[in-house]
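Heads up, the thing below is written out as structure tokens.
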Amino acid sequence: MWLNTTAPHFLLTGFPGMEKAHHWISIPLLVAYISILLGNGTLLFLIRDDHNLHEPMYYFLAMLAATDLGVTLITMPTVLGVLWLNHREIGCGACFSQAYFIHTLSIVESGVLLAMAYDHFIAIRKPLRYTSILTSTRIIKIGVGVLTRAGLSIMPIIIRMHRFPYCRSHVLSHAFCLHQDVIKLACADITFNRLYPVVVVFAMVLLDFLIIFFSYIFILKTVMGIASGEEKTKALNTCVSHICCILVFYVTVVGLTFIHRFGKNVPHVVHITMSYVYFLFPPFMNPVIYSIKTKQIQNGILRLLSLPCSKT
């Protein structure tokens, strides 16, 4: 049976063979979703409300929190719809839109982490010029650039998805739409859609990581040249939260990539679980990391709870 872009729907999939346990599986996922919404929502509220956090570092953190919220809000409705209500149908337009935003926000997150590395690089290498380099206008330009780069890079493959006929099946492998999942169902030449995402990953995500890596080499070189041990520690501590977020994001990316590329004999439930880890673990951990490692965020949370602030 042929399914083209005028067909009414695709069918989402939860955890195959575990349908009777879907309600139980939904509990930890719901807890994770709520934690992500509260954690990242709190960061955004604090950064907007607390004038002590109106600095470039925290503006970039707000971009990261907004990106994590976006990914969560895009995937959560269909996931819970499948697990709670067994509502598996999703229209082609809605499916392609969800895939577009999921992949775009993944590129955005990588770009924001790169922007945060640039912020740390300027703060440590050129502290006297920090405020003159990272002006509000430049921060806005960086944010718009990150969004534009991600949005335009993903658009070609999503546009082509609208043009393909789908005849093999209309059953997807996840409870949300991913490009690589949908494209397997197309009955057309999908060479471009297979190769282009690989180029995007290498040209952007891998390049972002390499630039971040080399920026920290220069940062470390600068810190090692600081005479005072206390100042060295203080400079390194400003980078710890960002480094942790980088590791959380890129380790999950590498883990998911290896599972998809080399885990053909791995049970399908492992592929599904790794997908949820990829979408939930970084958004869950980023607010936790910054709440634990950043005194200004801690103090903001304490003020929000009307508790005595810790000393900076």
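Cβ from N, Cα, C; glycine included.
The feature transmembrane segment is assigned by TrEMBL to 24-46 (among others).
As a whole-number mean, the pLDDT of the domain 'G-protein coupled receptors family 1 profile' (39-290) in this prediction is 90. Annotated domain 'G-protein coupled receptors family 1 profile' per TrEMBL: 39-290, in sequence order.
Annotated transmembrane segment per TrEMBL: 58-80 (among others), in sequence order. Nonlocal intrachain contacts for the transmembrane segment (58-80), taken as residues 6+ away from its ends with a CB within less than 8 angstroms of a stretch CB, comprise 12, 26, 29-30, 33, 36-37, 40-41, 43-44, 47-48, 90, 98, 101-102, 105-106, 108-109, 112-113, 115-116, 119, 139, 143, 146, 175-177, 245, 279-280, 282-283, 286-287, 290, 296.
Here TrEMBL flags 100-118 (among others) as transmembrane segment. Sequence-distant neighbours of the transmembrane segment (100-118) (same chain, 6+ residues past either end, Cβ-Cβ under 8 Å): 57, 60-61, 63-64, 67-68, 70-71, 74-75, 142-143, 145-147, 149-151, 153-155, 158, 176-179, 197, 200, 204-205, 208-209, 211-212, 215-216, 242, 245-246, 249, 279, 282.
Positions annotated as transmembrane segment by TrEMBL: 139-159 (among others).
The transmembrane segment annotation in TrEMBL covers 195-219 (among others).
Annotation source TrEMBL lists transmembrane segment at 240-263 (among others). Cβ atoms under 8 Å from those of the transmembrane segment (240-263) belong to residues 64, 109-110, 113, 116-117, 120, 180, 205, 209, 212, 216, 270-271, 274-275, 277-278, 281-282, 285-286, 289-290, 293-294 of the same chain, restricted to positions at least 6 beyond its ends.
Outside the transmembrane segment (269-289) by six or more residues, the chain places 15-18, 29, 32-33, 35-36, 39-40, 42-43, 64-65, 68-69, 71-72, 75, 102, 109, 173-174, 176, 178, 241, 244-245, 248-249, 252-253, 255-256, 259-260, 263 with a CB less than 8 A from a CB of the stretch. For 269-289 (among others), the entry in TrEMBL reads transmembrane segment.
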